[in-house]
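Here is the structure we will look at, set down as structure tokens.
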């Protein structure tokens, strides 16, 4: 009876979110395939490095979305959030402007090193930096929508932007604009998504009592930013530590395998505000985490079997000639990313609790990843084994924190 009741309550909404997200997933995969075929291994390896930087900013901005969603959900539970006259500079807007501005400045400050390390020109870096602030403003609007329970709109905006990005990328490559043209498309989509979602969320603000960068909101921000780095740094590290051919092949293989992260990320859109509103309900929280872990594990195993059996034809069909080395990387990458995907499933719960211990775990892991990878490269297999082992340790640590949080006598972990 309990399971039937849970399915009736949550099944339809999750199914709808899953279907809409699937279109976004296919569009994202199509974008990567079109870009890899249009640019070739060398050009795609360079683009992948910029995309990794954008992904860190994007997931960093998603950290802001999570923080705003958590605070807004708390306000909804207390009856403190309702449609009202918009305050242009509420706490969420201040955070978006400051974080987006700081990340943009940091990226521009690092541009001399990035230009040399990635062997590229300044225009591509300027376009990448210009994308950062719109991502944060886009995520601010999505956080308000998610926190008020409108996960459907969040997924529609996300998937819609991914579909539009694919369509415009095809046009850009047909016009011979190359990597710079693709980065221009990403910037345009970010701006349009920001304008549209901000208009939809214009009636909502975070509670007036909330101040920018509270302790809990800062922890949530840093949790998601740290995990974003951990799951995107590999492409940057391989690009800076190996040849262009190796980096392009690694990036292509990573594009395929990292789709295992999409399932827990999609579920988090629905589960995060509910974990917040039911923090004291240990049994339901455990059930949500366990189901997400099980589904993520099964999808990861399915990915491993798929690339093990059909990796070569998949690479040939999806990426074309020049990516043969990616076939050898696929099974290793599938195993490497399984614990990281499962760690993301647990991170939803840790984020809802604004766990300081979880933040310490991720910061230590980020330092270890950088030191280990730079020491082991240019040996890509050794780096993958190390990164996968680090993911397993991170998963174990986060799961222990989750278990501790379900004990009523434990607070502040």
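FYI, residue positions are counted from 1 along the chain as it appears here.
Yeah, the Cβs are placed from backbone N, Cα and C, and that goes for glycine too.
TrEMBL entries are annotated by machine, without manual review.
Note on TrEMBL: of 213-230, 231-248, the range annotated with the feature transmembrane segment is 213-230.
The recorded stretches the transmembrane segment (357-377) and the transmembrane segment (213-230) share 3+ CB pairs below 8 A when only pairs 6 or more apart in sequence are counted, and are therefore in contact.
With pairs at least 6 apart in sequence, the transmembrane segment (329-350) and the transmembrane segment (213-230) have 3 or more Cβ pairs within the 8 Å limit; the two touch. Remote same-chain partners of the transmembrane segment (383-404), defined as residues 6 or more beyond its termini with a Cβ less than 8 Å from a stretch Cβ, comprise 230, 234, 237-238, 289, 329, 332-333, 335-340, 342-343, 346-347, 349-350, 355, 357-358, 361-362, 365, 368-369, 372-373, 376-377, 410, 413.
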